[in-house]
Amino acid sequence: MADTIFITDERIDGDADADGPLTGRTVAIKDNISTEGVRTTCGSAMLEDYVPPYDATVVSRLKDAGATIVGKTNMDEFGMGTTTETSAFGPTDNPAAPGHVPGGSSGGSAAAVAAGEAELALGSDTGGSIRCPAAFCGVVGIKPTYGLVSRYGLVAYGNSLEQIGPFGETVEDAAALLDVITGPDDRDATTRAVELDGESYADAATGDVDGLTIGVPTELVEGADEGVVDTFWDAIAELEAQGAEYHEVSLPSVEHAVEAYYVIAMSEASSNLARFDGVRYGPATDADGNWNETFAAVRKEGFGDEVKRRILLGTYALSAGYHDKYYKKAQDARAWVKQDFDEALSEADVLASPTMPVTPFEQGESLDDPLQMYLADANTVPVNLADLPAISVPAGESDVDGLPVGLQLVGPSFGEERLIRAASALE
Amino acid sequence: MSDDADAVNPEAVRHVADLARVDLEADEVEAFTGQFADILEYFETLDEVPEVEREADLTNVMRPDEVRDSLDREAALQNAPETEDGFFKGPNVS
């Protein structure tokens, strides 16, 4: 199992003298987060031999906290996928559902925690890449509010959308890792300091939901499979039994969230991935020709199908004559989604939905039809468009196929403590 | 690619690939032509989105413009396939 979870299993010991909050604890790191001296591939042949000369801010903070890093985990190439099957290094099996995908794109990180290869893990979430694998592998994953965690050293894919976030076997574990990685960083100007209500995020895992109001967006439940929906309502009933109340809400904008997300993410990807030209890093080439011809040859060899698809579609969406039709409309949809969530959260403490509308796909099932794969992200992408925090917590198994189902809770900006408190009531 | 996603054709895919500096094999062009038609047709539903007032409440974050340490040259060059005299070496521009 471990050989498909990690791309590189080199161990990085934390500061031995640190008596930090993570001393003696093991953490797996998604392979798009830079580790000084340890190769960081992003699941791509383009970076197969790339060794970062510096640590990501989150990695420095882990080391300072005394954590031991046990390896760099497998992922969809550059974070582009929902199954971890687009990795140039092969697929990862799902420890909670053998023969099925672990979800993606941070599939190796979720699998590492589920398989006990690491107590904790870091992933990144651009459109669900932490929450999807958490749901599929039966572990906890948190996508923080945009701006809570520094992305210095994270290899960029869609940088108006993405955040680094933690996985744990329990809500408290994931929250304890969040405590270590948050905080302003002058190397990521989008980060800011946040005043907590309590002592720490981990302290918020009290399981107290007495009086909590939960909004359930009907649009995010209607499209889900029957077994997922049943498990979801069982979890809501459990929260009700502990003193929470729920009401249904409508978010009409989310009907357009998937297309808005993909237009924005692909457009940003086409620009971000322009840096991979084979000059400063990347595979050597013996291609002849000028600058443009050589780049095109390196990129043909270095990128897999899904990455090429997104770069090309993003280039198209930004090209003259199409920018207003696609990119500008997608930005309108994004603003609409934000408004809808703000409104719904003015009348509910948290919003709840199934994390994924489906249970884990079988290995190889979804690769032929990219559009079908994109549609599976319907419940996770609106949260990135709205810059909000969300958590995925195990809700149980589907009574149709016996596979893991995750419950997603969404909160207001920088409302992570509230999410942690509510999610811990399901444990 | 034309205004109409139905009209995605192999030449259009090759043109975008050329803009993006990605060489494609003939079978990739064929596969992408069909997939892009489906995906762009789906993106067309953005036409139904109303114009929305975007009221971003953003503040610029500045830092003092001071000289500070950065990567040394050797570290910056360590991943380059080719270097010469302390510089990256790239292909001819034309």
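For all residues, glycine too, the Cβ spot is worked out from N, Cα and C.
Curation does not apply to TrEMBL; its annotations are automatic.
What TrEMBL lists as active site, charge relay system is A:LYS30 (among others). Long-range C-beta contacts of A:LYS30 (active site, charge relay system), restricted to its own chain and to partners at least six residues apart, with a cutoff below 8 Å, comprise A:LYS72, A:THR73, A:MET75, A:SER106, A:GLY108, A:SER109, A:ALA121, A:LEU122, A:GLY123, A:SER124. Taken residue by residue with DSSP, A:LYS30 (active site, charge relay system) is part of a strand.
TrEMBL lists A:SER105 (among others) with the feature active site, charge relay system. DSSP assigns A:SER105 (active site, charge relay system) to coil, not to a helix or a strand. Applying an 8 A CB threshold to same-chain residues 6+ apart, the list for A:SER105 (active site, charge relay system) reads A:GLY43, A:MET75, A:ASP76, A:GLY79, A:MET80, A:GLY81, A:THR82, A:THR84, A:THR86, A:GLY123, A:SER124, A:THR126, A:SER129, A:PRO133.
Under the heading active site, acyl-ester intermediate, TrEMBL lists A:SER129. According to DSSP, A:SER129 (active site, acyl-ester intermediate) sits in a coil region rather than a helix or strand.
Annotation source TrEMBL lists domain 'Amidase' at A:12-419.
Below 8 angstroms of C-beta separation, residues 1, 4-7, 28-31, 41, 43-45, 48, 73-75, 121-126, 128-130, 132-139, 141, 167, 304-307, 356, 359-367, 373, 376-377, 403-404 of the same chain, each at least six residues beyond the ends of the region 'Disordered' (A:81-110), sit close to that stretch. According to TrEMBL, the feature region 'Disordered' maps to A:81-110.
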### Query
Within 10 Å of the Cβ of A:SER129 (active site, acyl-ester intermediate), how many other Cβ atoms are there?
36
### Summary
Averaged over the domain 'Amidase' (A:12-419), the pLDDT of the predicted model comes to 96
